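One structure is given below, encoded as structure tokens.
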Amino acid sequence: MWHRALGPGWKLLLALALTSLQGARGAEEEPSSDGSFQVVTFKWHHVQDPYIIALWILVASLAKIVFHLSHKVTSIVPESALLIVLGLVLGGIVWAADHIASFTLTPTLFFFYLLPPIVLDAGYFMPNRLFFGNLGTILLYAVIGTIWNAATTGLSLYGVFLSGLMGELKIGLLDFLLFGSLIAAVDPVAVLAVFEEVHVNEVLFIIVFGESLLNDAVTVVLYNVFESFVTLGGDAVTGVDCVKGIVSFFVVSLGGTLVGVIFAFLLSLVTRFTKHVRIIEPGFVFVISYLSYLTSEMLSLSSILAITFCGICCQKYVKANISEQSATTVRYTMKMLASGAETIIFMFLGISAVNPDIWTWNTAFVLLTLVFISVYRAIGVVLQTWILNRYRMVQLETIDQVVMSYGGLRGAVAYALVVLLDEKKVKEKNLFVSTTLIVVFFTVIFQGLTIKPLVQWLKVKRSEHREPKLNEKLHGRAFDHILSAIEDISGQIGHNYLRDKWSNFDRKFLSKVLMRRSAQKSRDRILNVFHELNLKDAISYVAEGERRGSLAFIRSPSTDNMVNVDFNTPRPSTVEASVSYFLRENVSAVCLDMQSLEQRRRSIRDTEDMVTHHTLQQYLYKPRQEYKHLYSRHELTPNEDEKQDKEIFHRTMRKRLESFKSAKLGINQNKKAAKLYKRERAQKRRNSSIPNGKLPMENLAHNYTIKEKDLELSEHEEATNYEEISGGIEFLASVTQDVASDSGAGIDNPVFSPDEDLDPSILSRVPPWLSPGETVVPSQRARVQIPNSPSNFRRLTPFRLSNKSVDSFLQADGHEEQLQPAAPESTHM
């Protein structure tokens, strides 16, 4: 199976090797000297580099497909380990074909092209609250823990070397400390690759992953300091140089963070003004973020910290400013680049190892390095956790400490740093490279294989991938305010106090500068919750009737149609429905001309088609159709779903505001609606050409359109957009013939429109399929008991602290029910 599965990859690699040989042999060949015209010429040297890059990307992508063909393999072996093994196999094939290590993971390729998309993806999708809530813990592990691991590993190896167990090596104390500094850092790429498959709880994951990101500053400083000391020589190092090394740590870390924040501010500001160039919005996100990385490298600062904090700080404002299509493009492109870069890194780690020229073996040095990095990692975690648990509210248990100690994975960062060493200054560079590769393979393959069974055996709390309920959000928000108030009253400055102050500062200053005004309104918490409740209630209101079988009764817009609903007719059984559905699916001819269908003699199926057609046309939004738009490089087709959501929201908001106003001022909406209905009816009699001045009552349907003139919009663009949605037509409750109309105003659905005041005798009809305990279905009960509009639903009422509270809204509604006349009244807004 594996031979067949890897066949395409081997064929591509063999073709790559053969073409490389042919290109090497024929690169210097002169063109034909006979002077004749050649129809086809072979120019391998002309496309060699991009062709090889494309082939390697294709091989890496095919490898991911092959690995995931068998879920059993990927559930046991991490994908990073499989990629390293694949790299070893491919590297062996390339070496056997050419005996030259043609393809290796170079530091330039890694640091400038493969690492930035991975770190940007991690920063842009970082859970900010979880990250900053554990920032103190992360910084302690990243700074103190990395220094501890580097110093103890280097000094321990130097002590063993002095004992003579390693034999004769041309290494000094500074060389051992240099090696300890590059091998001590936890690699973010390896941690992401392994821990995302384990699915540990969020706190444990953010601590280990945050440590792997933030220890870059410590690693870079230690590496540069000890490399400079090795260049100067141990005798030339003074105390001033040590002080400069300590100062450089703060400059590198804080400087890289500041560069990232500045570019995040610039990116957020740019995306605020991209309303008319939506198509290039994703380009700004990637280019400006990458510039933050390059700028930090240019200034010798921490580039990983720069691009990480650029993604962390800009995500809130960028997501609010850019369009939905651009946000989707950014999300998928960023994930694609990060996944592809991670795949190439691990595969090239395996390929780079197949090079006999870099291998120098020393058993004592290699084995003791593995022992020391594991032991000192565990000791450092235990000591630091003991200190942290004295101040943390949620303490880290022993099981969490075991996983953190075992999760100290090394990866391509250590390999790239060791390859950068100058062989003239570090005599045993090949020994360091060989040991680093062994450490990377051991941590990624062995620890990656065993960490998942270890987590299951220790019963570590796993992450829950679900959306928190509204009740959980409400209580979490309330607890945040309570804890912030307690800290404020007691005079203590804690996480909740700082978070509350930052939220106020962001709302008053940053959001006004970096975010569009329309985005500020749309991000309002109350309106977001209101919008979610509105959509949920609308969906459940319709679905409730469908489950009960009373959808036709609920959606019937006129009195006559409601009278014509025969509840005594038995409903078809499940078998009949399935047979009917089967026959309908296999019918070849379907009549789509609804006008001719209505005029001719109708069968049962034709009647059903006609009713379904009119129901969908009148009460639901138009389904998506394939429009043929002209090609444009600068514009995208607007998403109709956004208009639908906005229209539902604004229409329901207006009805609830009117309900609130009427309840507060004691205005009887029925009397007001009766006057409006009489005035409209008189106007219709005067203007209509219908004989005797009477309106026909057959097939009546209420058509509603609305123009939101009174809606206060802050910007011209919002008013323009909304006029496009609503159609800009004055609202009139009119009675027209039941024709297949296509109103540009949006929905004309009684579910979202005001209820019709109907004859009580009609509303009192009870469907026969209900049990004695249920007089009417819940959705029908909502129509009958509440006379005015859906805004009187208990869940759709204006915001209250409790469903059980008896406020002015319920009292006003109950008073109106008592005063409602028996005669039906007009439809009103």
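Quick reminder: no glycine exception, Cβ is built from N, Cα and C everywhere.
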Feature phosphoserine, as given in Swiss-Prot - residue among Ser156, Ser434, Ser580, Ser588: Ser588
Swiss-Prot topology check: Ala320, Ala519 same side of membrane: yes
Selected residue, Swiss-Prot feature phosphoserine, from candidates Ser632, Ser743, Ser805: Ser805
Outside the topological domain 'Extracellular' (98-106), six or more residues from its ends: residues with CB under 8 Å to it: 17, 20-21, 52, 56, 91, 345, 348-349, 351-352, 354-355, 357, 412, 415-416, 419
The topological domain 'Extracellular' (164-176) - residue tally per DSSP class, helix then strand then coil: 4 helix, 0 strand, 9 coil
Same-chain residues at least 6 beyond the ends of the topological domain 'Extracellular' (422-428) whose Cβ lies under 8 Å from its Cβ atoms: 169-171, 175, 178, 227, 230-231, 360
Tertiary contacts of the topological domain 'Extracellular' (233-239) (same chain, 6+ residues out, Cβ under 8 Å): 172-174
